[in-house]
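Features of the protein shown, as given by TrEMBL:
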SIGNAL    1-25  signal peptide
COMPBIAS  66-76  compositional bias 'Basic and acidic residues'
DOMAIN    166-265  domain 'Copper amine oxidase N3-terminal'
ACT_SITE  D369  active site, proton acceptor
ACT_SITE  Y457  active site, schiff-base intermediate with substrate
MOD_RES   Y457  2',4',5'-topaquinone
Amino acid sequence: MDTRSFLRFFFLTLCIAVALLFTWAHLPYGPPYASDLLDCSTNSAWCSSKNRLQSKPPSPTRRLRDHASDTPHHPLDPLTLPEITAVRSILSSHALFASSSSHALHSVELQEPDKSLMLRWHHGDPLFPRKATVVARVDDMSHVLTVDLTTREVTVEDTASHSGYPTMTLEEMTAATWVPLMNADFNRTIVQRGVDLTDLACLPLSTGWYGKVEEKRRLIKVQCYSTKDTVNFYMRPIEGLTVLVDLDTKQVLEISDKGGSIPIPKAANTDYRYSAQKPNQVLKLLKPISIEQPNGRSFTVEDDHLVKWANWEFHLKPDARAGVIVSQAKVRDPNTGEFRDVMYKGFTSELFVPYMDPTDAWYFKTYMDAGEYGFGLQAMSLDPLNDCPRNAYYMDGVFAAADGTPYVRSNMVCVFESYAGDIAWRHTECPITGMQIREVRPKVTLVVRMAASVANYDYIIDWEFQTDGLIRVKVGLSGILMVKGTSYENVNQVSSPENLHGTLLSENVIGVIHDHYVTFYLDMDVDGSDNSFLKVNLQREQNSPNESPRKSYLKATKTVAKTEKDAQVKLKLYDPSEFHVINPTKKTRVGNPVGYKLVPGGTAASLLDLDDPPQKRGAFTNNQIWVTPYNRSEQWAGGLLVCQSQGEDTLAVWSDRDRPIENKDIVLWYTLGFHHIPCQEDFPIMPTVSSSFDLKPVNFFESNPILRTPPNVETDLPVCVAAASA
């Protein structure tokens, strides 16, 4: 490639990268704009209520300079921009780094104070000494370090004894995609496939682990696509071409080309942007809709991270690996007025996404999006009015680049109140009683949202809080399928459809079958830290002939899990159970132990062989539920160092130690699962598919905790007249 072509290619790739990182496009359902939505604060001609919105929300976007003076107010607040800068300065003068020929910081995060200290800390108390945990690569060795920001002392905690490597940095992933272009054989292959080098877009794909030949080398595989005539290059794969790259040396180790006879799919009908749709194809299905709050928000965010809403209070922060972390969630008791502990810490611990195609270009695609790519690092800026409603509050992520320089991911998290017309509780008395009673309460919830765009796929994570004490965790899947090129244009040409390993979505395009597993870490502290895991199993009991006209009934049998293996649960439809986290030392008025129950959802389970290398690494999906004793070093279900790990440091390994968990500080783990057999409706971009699970009070309150909440009345809400009627 000559210099001119290379520069042209560089500029085009840069433009595509910027477009993908900082824009979100939609199908021909036109996205709402601010001018579409009624603002009751400024357009009084359209609103007949005396109650107006107090002010328009501030502009959500903040820049680097806006965080230059940030200071922590809470021991769990994330590292601030000045603190990350200080970490960089301290490490630069440390002997390990000063004498190195090369180094990179793969993770720079707050080292949270010991939980025992946090449980005694109250607002207004002095902060504990601030420390950072750093995972670094120095001269091709992994290190875990603690940096004390007060004393400037650096402690080497671990010289990564595990098999895996740290989360990849954005810089090295970008660099890896350029490596093939320095290889003449690769460039010739691209040209032979009929692709102009200036139309090339390449992706860095984690390799998993498949044997000793891969040991002692950090590897990544690169596959490429054609961007010609579409921004949706994912639909135009250069099938069968895979480049193995050494991440440390930036060298091509191997080029595999087994798809020379497979055409590159056409670009027609793949562009998903609203601006790219033809005017006569745009679907105006809905009139604009917005939820107005005439008296303003009902929640506050104090000191940037402490969220207070209705009867809830919790700490919230963005995280480079987990995305968002919810800590110290407490709910107010309606009888005592006191806040009670529910959950000490909750977050997305790991994602496991295995594709079901055993061929050379696909078998290794078994991604762990948190540990390999950084779920929070892939969280893109949210789009006001589309990702989040007008009433949202936005929170930025402040992270460290590979050289330690801080940067801001603006609008990474949003918090908003949601009303979807749901009902919190109701009852209408039937006419035969003669009572004219109709009592209904609307359900308004508080939502914490982030969206991670891990290359082609988009994950929407919602933490939803309800006034009845319930926490709902919801996962939405959208974005673009990872597809396979094929010579087939119609299913009539396929003699053995099962060998497609997926669905023919369009001419020359196969959507490959795959799974998604999202494992959550839930450190429940129900009215305190010493909890137990209670299984309530529903069993059929048979009646004797003379006992009752009924032949059978269901009986609830309660069993407290003594050890970790007792709490390993595979969900079964015909062996139903409830799963409670209880505090056996705290009882209700009538003697029931207070608790919260896990209400499962999204219950797809892995069908892979337990000895399959990807499943060894993803063994945390062998069960849907696990319970472990609290251990601050056991937070990442796939292990601390996930890239090319062999599965020796996973949740499954910890749990098999079978430690005691009765009346202990315990952690509940739950995995949401999705089997995805693609269909044509997923082309060229997927409508969102969602599932959720609940953490629901069970004998936690003495009675319905929202019994005394008032209903809405007409004077509470503005009446906004449609434009055509004004």
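Using the three backbone atoms N, Cα and C, a Cβ is placed for every residue, glycine included.
All TrEMBL annotations are machine predictions without curation.
Keep in mind it's a predicted model, so treat the numbers as computed, not measured.
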*Are there residues of the same chain, six or more positions away from D369 (active site, proton acceptor), whose CB falls under 8 angstroms from its CB, and which are they?*
E350, L351, V353, F375, Q378, A452, V454, Y459
*Using a 10 Å cut-off, grab the number of neighbouring Cβ atoms around the Cβ of the residue listed as 'active site, schiff-base intermediate with substrate', all chains included.*
22
*May I ask for the residues of the chain that lie six or more residues beyond the compositional bias 'Basic and acidic residues' (66-76) and have a Cβ under 8 Å from a Cβ within it?*
82-83, 110, 112-113, 117-118, 121, 123, 127-128, 130, 303-306, 315, 317, 327-328, 396, 398, 406, 408
*Mean of pLDDT values spanning the domain 'Copper amine oxidase N3-terminal' (166-265)*: 95
*May I have the DSSP-based helix, strand and coil counts for the residues of the domain 'Copper amine oxidase N3-terminal' (166-265)?*
31 helix, 28 strand, 41 coil
*Residue counts in helix (H, G, I), strand (E, B) and coil for the compositional bias 'Basic and acidic residues' (66-76), per DSSP?*
2 helix, 0 strand, 9 coil
